[in-house]
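Dropping a structure here in structure tokens format, bear with me for questions.
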Amino acid sequence: TMPHSHPTNTSLSELHLTGIPGLQHLHHWISIPFCIMYLVALAGNSTLLCVIKADPSLHLPMFLFLSMLAVIDLVMSTSITPKMLGIFWFHSTAISLDACLTQMYFVHAFSVMESGVLVAMAFDRYVAICNPLRYLSILTSPVVAAIGLATLLRAVVFMSPLTFQIRRLPLCSPAVMDHSYCEHMAMLKLACRDAAFSNTYSLSVSTYVVSFDSLLIALSYTLILRAVLSLSSPQARKKAFSTSSSHLCIMALFYIPGLLSMYMERYHQELPPHVRVLLADLYLLIPPAFNPLIYGIRMKQIRDGARRVISQRRRMAGGIGPGPGH
């Protein structure tokens, strides 16, 4: 049979994901850290959301952005991990075209959203450190809501055209994707028609998002650093440094593997396919698992909030609520 003997097979309703190409024999082993990271992400982000919701003293802009990040991380990791574990454990490689496009949409739209929220958090730190007295009058609830909505809209506006373009491309059978989730570059390789436009579009959108957002973040932190160094008390300096450094850890975790996986998918001559796919997987698994850990452990307010919530629950469970005199 000639390869691509059905050049315009648009009726493909099902695709196959190979998992991690070349490492199929190790799928069971690879599934262990992946599964652990997913469970940590679920537990960590849900705990963070519960603590922030339950403790009124945490209803501040900074923690509202943190809640947005936690929701995004939950969606992002849930959109790929269960299916991936299905491939690793049960060899269930088949995925319907619609499910694949939905997964692709969620993964990429939520990555764009996460990037936007990281910018918002950098701006939040900038206002808190460089303009502390006006912090709450600048970042009012409507402003925080508007920022959240703007990041959501930007993601939808950028990702919808890409998804529609891929939906309209005729795909060649056999539709086997050398990937463990529906990544758009990997999907474009299945197209029977020239997909140059989608290729260029996706690369320019991701380059724009990453460079624009990281520039804004770099700018915020340069201004923060300037302000921190001018603080007179070493205590205040230490506090500002500690929050900022945990933020920067998270941003590095998010942007570096993301950029690497994107450019390697584009210029992948030298790299073995399993390295590319593992990078792309880790980029979606590591930040959701580590964000709540870095924030939850590094941030005194979150630790104190968790303690207050736990002791309050204990009191309620023990039936020794505050008496009428309180």
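Each residue, glycine too, has its Cβ placed from N, Cα and C.
According to TrEMBL:
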TRANSMEM  29-51  transmembrane segment
DOMAIN    44-295  domain 'G-protein coupled receptors family 1 profile'
TRANSMEM  63-85  transmembrane segment
TRANSMEM  105-123  transmembrane segment
TRANSMEM  135-157  transmembrane segment
TRANSMEM  208-229  transmembrane segment
TRANSMEM  241-263  transmembrane segment
TRANSMEM  275-297  transmembrane segment
Could you tell me whether the transmembrane segment (241-263) and the transmembrane segment (63-85) are in contact, taking contact to mean 3+ Cβ pairs under 8 Å with a sequence separation of 6 or more?
no
Pop the mean pLDDT for the domain 'G-protein coupled receptors family 1 profile' (44-295) in here, whole number is fine.
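Average per-residue pLDDT within the domain 'G-protein coupled receptors family 1 profile' (44-295): 86.
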